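For reference, the structure is listed below as structure tokens.
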Amino acid sequence: MNVNVINHPLVRHKLTLMREADCSTYKFRTLATELARLMAYEASRDFEIEKYLIDGWCGQIEGDRIKGKTLTVVPILRAGLGMLDGVLDLIPTAKISVVGLQRDEETLKPISYFEKFVDSMDERPALIIDPMLATGGSMVATIDLLKAKGCKNIKALVLVAAPEGVKAVNDAHPDVTIYTAALDSHLNENGYIIPGLGDAGDKIFGTR
């Protein structure tokens, strides 16, 4: 499976705090931002760099910068917005693309009700953010949309993943790497990740 579980002590600590049943909206939202920031550091580890010259205090010196078009961050509405600030804290120049999905009542498959992509998608790396990778349907649909725009370098950043969701993404898009803070046990009969986080969107937006 093309999945990278970020096993950093701070990531594990903060994720456990999010799992607490009495975690407040403020605390949950803050931790989601902090985790996204830490995890984005790992997800950006293989960014390609190039050399260029700058004027330093002692004269001209050679330095490094990220090569190519700026990353586009792609939150899946609405829960993905809860991770956006954390990624932007680390990569403030990132461009933001947005995808909104809903379930077709006949096919039960996710369909797009809103999508807004930045320009030159075929030249940019994309980082999809969503707290939960459960069945994988929304993630697969989002990757489909990105590839239809010509995007070739795609990663997914999620707080918690279920094996079922990871398998769905890997089966449909084996070239996409998933970064997660935890690979949990399974989905229950209602499609919730166990032990998971509950409804991350409701907890982030205070609508639970």
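Backbone N, Cα and C define each Cβ position, glycine as well.
The structure displayed is predicted, hence computed values, not measured ones.
Annotation comment: Swiss-Prot describes R78, R103, D130, P131, M132, L133, A134, T135, G136, G137, S138, D199 as 5-phospho-alpha-D-ribose 1-diphosphate binding site, evidence class sequence analysis.
If you look up Swiss-Prot, you'll see I193, G198, D199, A200 marked as uracil binding site, on the strength of sequence analysis. When Cβ atoms from all protein chains are considered, those within 10 Å of D199 (uracil binding site) total 15, not counting its own.
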Quick one: which residues besides I193, G198, D199, A200 have a Cβ within 8 Å of the uracil site's Cβ centroid, in sequence order? P131, M132, V160, Y192, G196, L197, G201, D202, K203
Helix, strand or coil at A200 (uracil binding site) [DSSP, three-state]: helix
Give me the Cα-Cα distance between S138 (5-phospho-alpha-D-ribose 1-diphosphate binding site) and I193 (uracil binding site), rounded to a whole Å. 15
